Amino acid sequence: MDKKEQDRLKKEAAEKAANMVQSGMILGVGTGSTVAFFIDALGKRKDEEDLKLKAIVTTSNRSKKQLESLGFEVSELADIDQADLTVDGSDRVADNLDGIKGGGGALTLEKNVAINSKKIVWIVDESKLVHRLSGFPLPVEVLPISCEQNFRRFEQEGLKPQWRTDGDKRYITHYGNYIIDLAVDPIPAPHGLADYLDHTVGVVEHGLFLDMCDEVIIAHSDGTIEDKIK
């Protein structure tokens, strides 16, 4: 599938998600190429239908700047109690709607917005669908003070760690941390791995989004749009 076709699919899925947004909502907005199409569709609804939102929170400066350029005011997560709806993308989505996220490095804020949402919808094209979580490195955000120990421990556990880099340097997250990508593929027991990472000192957050997503909007290459609801 070429990029032009992939972008067309992403745009179709994003427009369907944008039609779920209602005036008066507190909206969570994720990050990534598919979400950029979603934000464009929101802007169109704002202009054509006078869509008015109570508040918007987002997971990246890129999404924030795009929203503000379209006339939306963006709030901080601390300023809201709970989003009515959060729309985001996902790097991989399994049959049971579990996902791997964090390819763009914003996994910690993405998960914080997600857990403070009444409903979570992911928008993807069919290339992101997998039977079980696989085909994409699992991001783990780690504190610099203990990152070397974390890396060695992951090696000992057979998780195939790799430092995420930015040029010839280690990638630094919004919060000043590093990311270790785990190349274990497929992930044999996602809940077990999530529990292990949750209890590992020095791990800030990981990209396993389990039992969180309520609905996935999928754009297929044949032009059809599929809704998968948990």
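Keep in mind that glycine also has a Cβ here, set from the backbone N, Cα and C atoms.
Database features, via Swiss-Prot:
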ACT_SITE  GLU110  active site, proton acceptor
BINDING   THR31, GLY32, SER33, THR34, ASP88, GLY89, SER90, ASP91, LYS101, GLY102, GLY103, GLY104, LYS128  substrate binding site
Query: With the substrate site defined by THR31, GLY32, SER33, THR34, ASP88, GLY89, SER90, ASP91, LYS101, GLY102, GLY103, GLY104, LYS128, which remaining residues of that chain have Cβ atoms positioned within 8 Å of the Cβ centroid?
result: GLY30, VAL35
- prompt: How many whole Å apart are the CA atoms of SER90 (substrate binding site) and GLU110 (active site, proton acceptor)?
  reply: 10
Rounded Cα separation (Å) that holds between ASP88 (substrate binding site) and GLU110 (active site, proton acceptor): 8
- prompt: Of LYS101, LYS128, the binding-site residues given in the record, which has the fewest other CB atoms within 10 A of its CB?
  reply: LYS128
- request: Any same-chain residues 6+ apart from THR31 (substrate binding site) with CB under 8 Å of its CB? Would you list them in sequence order, or say none?
  value: THR58, THR59, SER60, ARG62, SER63, ASP88, GLY89, GLY104, ALA106, GLU110
- line: Sparsest Cβ environment (other Cβ within 10 Å) among binding-site residues SER33, SER90 belongs to SER33
